[in-house]
Structures are given as structure tokens and as C-alpha cells.
């Protein structure tokens, strides 16, 4: 069955944060809008979450964090999810551990990957992440492409005064790798401090205008919040706008899950979560289904600050 919320939006995708842990400390990180927790679901818990989601019509699963590849059992998690029969399984990662895991993850059933990578300059990478992992990330991107994960997308958060001047260099890097560049406008959430947004926020409207002028073709992704994709030669660029807007909400078909098993109806809210811990611990899949339906009922037609 395909469930819809009270605003006629189908539930198509599930984004599961499998851990709050990370091996870098990005200056802008909002941890997928999720508040800190030391608890993590087991692979079996994640499998049960996904089985119920599949029964309700979910077709796509994305794993995120924290840094999902930091989990020793991430390949097992992907295998369990893949056994259910989803149309698409993807991961968002910082890429530092991707080189050695690309093939095992592909063999486990992973379809594609998004790599958070904001700069090609070692000193800027160090400033953003507090680590010296730039070459490891490059190797991870190359490994993902060679493994046949498709598409490989590079998530570049634009930061004023930090990397806003590197967009075309990153576009060329992605084009040469056979990857898609995603330009992301900095997002404010409960877990991202206001002063960070004010300091680094860069309006990407002029960037998008430049892309439109240079593009050979422009495509609008209707079920991805009317996101624009620009085709320039043999390269591709997508633009991701902040999510606290009516267009984003009107086309939202996603539910999120926190590392400790709470269903999250809205990326930007933490006041309407649905806790599945008891149902997961007892293996009560029917109870878990009812909790999913409750989370779907709590979805709003637009973001309420």
C-alpha cells in the first residue's frame, strides 16, 4: 500500500541517521537536523524499521549520520535493507572511509552515494573539517566511481568568505570524475548555531543565475522540491535551497529516523518526534506500523518556526 499524509503527499523515501558519531568536525554541521544522542539502533532494528516502511509504500532508503561509514556493521546494515527489495539505497558520507568500503557496499546492495566535499584546497578543508583528510576523500570519490556506484554526487555547502570562489573548480573536478556537483545553500537548524549561519551564509541566487546562463539544458526535479539541475557540457550541477520554504514542504515525501529510533516528521523540527524504542525492543512490527502512521499524521503542510 502507498500511504499519504493529511496533505496528500505520499511517503516515498526514508532517511535513516544510523549514528551521531563523526570523524570530522565541520564548522557548519547541523547533523541532519538531529539532536545529539549516544544511542544507536542495531542492524536488526534498522531492518524492522525498513520492513514496515516498505509495507507503507517507501521505495527509497538513504543512510546518513553523523558519519555512517564509521559503523563497523554498515555493510551488514546495507545487506539487510537490500534484502527487503527497495528501488534505491543510498548513503551520504564525508568520504574519508569510502575508498575501502565502496566495493563491499556495492556488493551489499548500495546503489549510489553522496559525498560531502566542500573544497579542493588542503588549508580550506582543514579549516572546515578540523582534519587533514582531503586526499582520503578524493580517493574515496574515485573508488566510488570505479566501483560503479551511480550517480556519485558531491555535496558542496557554499560558505561566504571560505569556498564560494571555488565553485567552478569543483565543477571541473566533478566533471572529470564523472560525478554530479550539488551546490547547497547553508541551512539553519536547531543543531546549527545562529552565529555560524550569519557568518558564513552565502545567497546562491547569483550563482544560480550564472548557471542558468551557461547551461545547455535545465531540468526541474518535481519530486525533489522543484530542485533545478543544470547541464553544462558533459557536467551536471544541482542546486539545493534552504528547506524552510513552502515549495520544499509542499513536495516533501520523506520521513526521517534518528540514530536512537525516533521517527522525525520534519527535518527542521524536534518537537514532534515519535519514539519507536519500545516497539523495536519487543519486535512488535504492528505497533511499529502504528507509530509510523502517527508520525505521518504529524507532518505539517509547511514549516512552522
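Just so it is clear, glycine is given a Cβ too, placed from its N, Cα and C backbone atoms.
Because the structure is a prediction, the values reported are computed rather than measured.
Annotated GTP binding in Swiss-Prot involves 62, 92, 153, 254, 255, 256 plus, out of the candidates 9, 15, 199, the residue 15.
Residue 249 ([4Fe-4S] cluster 2 binding site) is 14 Å away from residue 256 (GTP binding site) when you measure Cα to Cα. When averaged over the domain 'Radical SAM core' (6-228), pLDDT in the model lands at 93. A distance of 5 Å separates the Cα atom of residue 66 (S-adenosyl-L-methionine binding site) from that of residue 22 ([4Fe-4S] cluster 1 binding site). Sequence-distant neighbours of residue 22 ([4Fe-4S] cluster 1 binding site) (same chain, six or more apart, CB under 8 Å from its CB) are 29, 65, 66, 67, 70, 94, listed in sequence order. Look at residue 249 ([4Fe-4S] cluster 2 binding site): DSSP puts it in a helix.
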